[in-house]
Amino acid sequence: MKKIGVLAMQGAVDEHLKKLKAVGAAGRKIRSEDELDQIDGIIIPGGESTAIGKLLEAFGLMEPLHKKIDAGMPVWGTCAGMILLAKHICDQKKTYLNAMDILVRRNAYGGQLDSFTAMQRVKHVSANEIPMVFIRAPYIDKADKGVEILAETRGHIIAAKQKNMLATSFHPELTADNSFHKYFVELC
Ligand code: GLN
């Protein structure tokens, strides 16, 4: 059984753990460097990227996690997790894991009240349309050549893959659909 970590600093941690169980993987909360060594892949959940970023530093996990990703460990960032993976963030100098060659725009669709849902097909993930929940979501403004675009909505990139890294603007863990978690576990 694949062991998949969920970075447990802040945000939608339990929701991802439930999904992992539903697709037959063993979910593990990750809060230390030791725990990072015991998993086949890691999910960085949605929440608040500034808060998760500060906690990653405080827990001494920023560098070790960066190294793991660099060494090829599969990682999937959802929403705030996508922001944490990005090498570039619009209107902001500070970046976090500096791993993925994307420029992301935070709160790109507006504030909490502008949250919305959509139905969309995602390349590699599902042949059918799957539900997507966007909550103060970012989108990818620009992606370098090495980044494969998996889905766009409202004219912007909302799912992408680069080598071992996967990023989504939306929250598959908050819907009834399991296809994204299934896909990620297969990558691990
Ligand atoms: N707006 C949040 C941020 O900038 C992300 C929101 C989310 O993860 N749902 O970190």
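Quick reminder: no glycine exception, Cβ is built from N, Cα and C everywhere.
Since this is a predicted model, take the numbers as computed values, not measurements.
For CYS79, the entry in TrEMBL reads active site, nucleophile. If you draw a 10 Å sphere around the CB of CYS79 (active site, nucleophile), it holds 29 other CB atoms from the protein chains shown. Following the DSSP three-state reduction, the secondary structure of CYS79 (active site, nucleophile) is coil.
Proximity of HIS171 (active site, charge relay system) to non-local residues of its own chain (separation of 6 or more, Cβ distance below 8 Å) is seen for ALA12, GLU15, GLY46, THR78, CYS79, MET132, VAL133, PHE134, ILE135, given in sequence order. Secondary structure from DSSP puts HIS171 (active site, charge relay system) in coil. Feature annotation from TrEMBL assigns active site, charge relay system to HIS171 (among others).
The feature active site, charge relay system is assigned by TrEMBL to GLU173 (among others).
Taken from TrEMBL, the feature L-glutamine binding site applies to GLY47, GLU48, SER49, ARG106, ILE135, ARG136.
The Cβ of ARG136 (L-glutamine binding site) has CYS79, ASN107, TYR109, GLY110, GLY111, GLN112, ASP114, SER115 as same-chain neighbours under 8 Å, each 6 or more residues away in sequence. Cβ environment of GLY47 (L-glutamine binding site): MET9, GLN10, GLY11, ALA12, CYS79, ALA80 lie under 8 Å away, each six or more residues apart in the same chain. Neighbour count (other Cβ atoms within 10 Å of the Cβ, all protein chains): 16 for GLU48 (L-glutamine binding site).
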